[in-house]
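K.L.:
Annotation comment: TrEMBL describes LYS13, PHE14, GLY15, GLY16, THR227, ASP228, TYR233, ARG238, LYS263, VAL264 as ATP binding site. The annotation substrate binding site is assigned in TrEMBL to THR50, GLU125. Summarising the annotation, TrEMBL assigns domain 'Aspartate/glutamate/uridylate kinase' to 10-283. What TrEMBL lists as domain 'Aspartokinase ACT' is 395-452.
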Amino acid sequence: MSLESVVSLNVAKFGGTSVADYDAMQRCADIIIANPQTRVVVVSASSGVTNQLVALTQAETSVEESKALIKKIASIQYQILDKLGNPSDVAARIDHILSHISTLSERLKLTRSKAVMDELLSQGEMCSSVFFAAVLREKGASASAFDVRQVLRTDSHHGRAEPQIEMIAELAKQHLEPLLCDQVIVTQGFVGADSEGNTTTLGRGGSDYSAALLAEALQADAVEIWTDVAGIYTTDPRLAPNARPIPEISFNEAAEMATFGAKVLHPATILPAVRQKIQVFVGSSWAPEQGGTWIRHQVKSEPVYRAVAVRRDQTLLNLHSLQMLHAQGFLAETFATLAKHKISVDLITTSEVNVALTLDKTGSDSSGQGLLSEALLQELSQHCRVRVEEGLALVAVIGNNIASTAGVCRRVFEVLETYNVRMICQGASPHNLCILVDEAEAANVIGALHENLFEA
Ligand code: ADP
Ligand code: ASP
Ligand code: MG
């Protein structure tokens, strides 16, 4: 079959729980085989493996702890290998990756190089892509693992690398497209390489983004995100048992949901899809027959209330300066300092002599390093008094025409009577109303809002 005779091309991504073990991979392989349009498969590391690799990168992890972590990672891989019947080519590749993990972990004891960290963090995806291709072949499909670093070019900002869109398109045309005529290509999510060939990573949860970037480069017709829930729900189904799947949602709404913490999609996933108008499907690899959510450019209904999302572990910076009073330039100076330290500001409110802003931790890097450095705080302290509050959660009501519909605030706040709302942001976007609350109260706030807006 030539690529031209494939009516349309899909890129399918499978997350960590979907490729957690051999049985899970089998279910995913059946989904691929059932749809001949799916020619590119993007996989995450098996569930838990990236967390273990992150722990290996931490300075405080002892030699003994590192050994235990490597053993845990190896045990996950060997269980899959055993069930595959230990094919010698796959076994050799996995052994090679595992010994590379040990070498890199030792190297990190000597150097805190971010490049070495990224190389180490990428190894989970390396393993799962080799396995997934083998599982497909076992089922009779023609499939190979492909090193995504040949095409997913990024800058050299290790831990949170920026993809270079035009370069990715060019490289994909050259190295990836010709392979798709007669086989399914299985490749790694989350991983890229800079122009020197050094491994980079896109930040935690970045495999969704990888799939969308490859779909954009190949001008695919759809991206499928296969996960452990049957689509995007009205809120995280783990938080509200009555949350229900949304059959169809617009790019704007989905982008807002991802940005405000709906972990089911990495926040950047929607960008490539919007640029190329590629529709995105989200479904469960455990129950594909349940269908899922289609994210499209245009949707039939645009309700005022679509979903509630929550983003935990928020930092509030309160800056106080008398210079602000009837003066110019204070905000410009503050934002320049934050930009210099690569901090992305999220929400902001101001008064006469105070600015309160929350920081977007989705901007933090793959190895989980924090945002607020000593250097940043010191620089800010030079022109204002800085107070930092942690332990907050940002709850967002997401929908349409929120800022221009009467009664929204009443419905939102009538159930929040007993909670201390630390900050409110509404008006900038027609798609959201955000409140900052104590993290310990977030689950109850979500429950109350979901009940009032979606279960009444
Ligand atoms: P994967 O490993 O497949 O990428 P993730 O754990 O990153 O999966 O994302 C899936 C999880 O996202 C779900 O298990 C669910 O708990 C969480 N989630 C948060 N908000 C939502 C939402 N609105 N709809 C569906 N899932 C959500
Ligand atoms: N394996 C990476 C992570 O756990 C990327 C992903 O799963 O999307 O963050
Ligand atoms: Mg994810």
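Glycine is no exception: its Cβ is also placed from the backbone N, Cα and C atoms.
These numbers come from a predicted model, not from an experiment.
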K.L.:
Give the helix, strand or coil assignment DSSP yields for GLU125 (substrate binding site).
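P.N.:
In three-state terms, GLU125 (substrate binding site) counts as helix.
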K.L.:
Output: those binding-site residues from LYS13, THR50, GLU125, THR227 whose CB lies less than 6 Å from an atom of ligand 1, in sequence order; none if no residue fits.
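P.N.:
Passing the 6 Å Cβ check against ligand 1: THR227.
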K.L.:
Run through the Cβ atoms and count how many others sit within 10 Å of the one on GLY15 (ATP binding site).
P.N.:
24
K.L.:
Counting by DSSP, what is the helix, strand and coil composition of the domain 'Aspartokinase ACT' (395-452)?
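P.N.:
Result for the domain 'Aspartokinase ACT' (395-452), in helix, strand, coil order: 23 helix, 17 strand, 18 coil.
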K.L.:
Which state, by DSSP, holds THR50 (substrate binding site): helix, strand or coil?
P.N.:
helix
K.L.:
What does the structure give for the C-alpha distance between THR50 (substrate binding site) and GLY15 (ATP binding site)? Integer Å is fine.
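P.N.:
Their Cα atoms are separated by 12 Å.
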K.L.:
Near ligand 3, which of the binding-site residues show up if the criterion is a Cβ under 6 Å from one of its atoms? Options: LYS13, GLY15, THR50, GLU125.
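P.N.:
Those binding-site residues that pass the cut-off, since their Cβ is under 6 Å from ligand 3, are GLY15.
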K.L.:
Cα of TYR233 (ATP binding site) to Cα of GLU125 (substrate binding site): how many Å, rounded?
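P.N.:
Answer for this pair: 27 Å between alpha carbons.
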K.L.:
Report the binding-site residues (LYS13, THR50, THR227, LYS263) that meet this criterion: Cβ distance to the nearest atom of ligand 2 under 6 Å. Use sequence order and write none if nothing qualifies.
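P.N.:
Close enough to ligand 2 are THR50.
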K.L.:
Look up GLY15 (ATP binding site) in the DSSP assignment and reduce it to helix, strand or coil.
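P.N.:
Coil, per DSSP.
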K.L.:
So what pLDDT does the domain 'Aspartokinase ACT' (395-452) average out to?
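P.N.:
Here the mean pLDDT over the domain 'Aspartokinase ACT' (395-452) amounts to 94.
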K.L.:
Roughly how many angstrom lie between the C-alpha atoms of THR227 (ATP binding site) and GLU125 (substrate binding site)?
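P.N.:
Taking the Cα atoms only, THR227 (ATP binding site) lies 16 Å from GLU125 (substrate binding site).
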K.L.:
Round to the nearest Å and give the CA-to-CA distance linking GLY15 (ATP binding site) with GLU125 (substrate binding site).
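P.N.:
Here the two Cα atoms are 10 Å apart.
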K.L.:
How would DSSP class LYS263 (ATP binding site) in three states?
P.N.:
coil
